[in-house]
């Protein structure tokens, strides 16, 4: 009986610490989702502003090219649809999100739009991406059980970004900006989706469908 009473405080402290960790985990998820939502909205606005400077024929042509082309981050293996996203573990979604954000740390510094239009807060984009990367890394650390073994998706290297647009031809500057902004918007939407699903799973909500 004495041993039971001795264990009671230990169990209470353990439950308290576990509850505190869960609250902190949700706080970090809330911050991460809020920040990526802001980045996604910013990416959407930047793309729309640039798209609005194009002539109709130019816009159609660039859209056709983009649909047939690929983004630099497409080499990062990620869920191809909502069903795969729902089946993916929280840790997998966090790792993919981390890699996607990491893939934009350098390209974000070149998000300067042609036709004399410059993103006023281009520097802030890089800062926000870096902050979000740190936050996601904290979430990965807080949500892994034991020693994490990295899969191929985590260890692979992206193609050198400097070579990505080297064969665009004479209209490369316009196409480069179009693809940069379109890819940035697409990837921020991906990260927003993955973090939202992961957050929902950890909050034990009844319905986490997309």
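Any Cβ shown, glycine's included, is placed from N, Cα and C.
Feature list (source: Swiss-Prot):
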- 38, 192: Zn(2+) binding site (BINDING)
- 71-183: disulfide bond (DISULFID)
- 200-208: disulfide bond (DISULFID)
- 1-22: signal peptide (SIGNAL)
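Annotated features, which come from Swiss-Prot, shown on the structure.
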residue	record	CB count, 10 Å
38	Zn(2+) binding site	14
71	disulfide bond	19
183	disulfide bond	23
192	Zn(2+) binding site	21
200	disulfide bond	18
208	disulfide bond	16
Check your understanding: If you measure from the Cα of residue 38 (Zn(2+) binding site), which of the disulfide-bonded residues 71, 183, 200, 208 is the nearest?
Key -> 183
Practice item. Whole-number Å only: compute the distance from the Cα of residue 71 (disulfide bond) to the Cα of residue 208 (disulfide bond). Key: 28
Point to revise | C-alpha spacing of residue 192 (Zn(2+) binding site) relative to residue 183 (disulfide bond), in angstrom | key: 14
Study note, to complete from the structure: DSSP output for residue 71 (disulfide bond) maps to coil
Practice item. Sorry to bug you, but what's the C-alpha spacing from residue 192 (Zn(2+) binding site) to residue 200 (disulfide bond), rounded to the closest Å? Key: 12
**Study point:** Pairwise Cα distance for residue 192 (Zn(2+) binding site)/residue 208 (disulfide bond) [Å, integer]
**Key:** 14
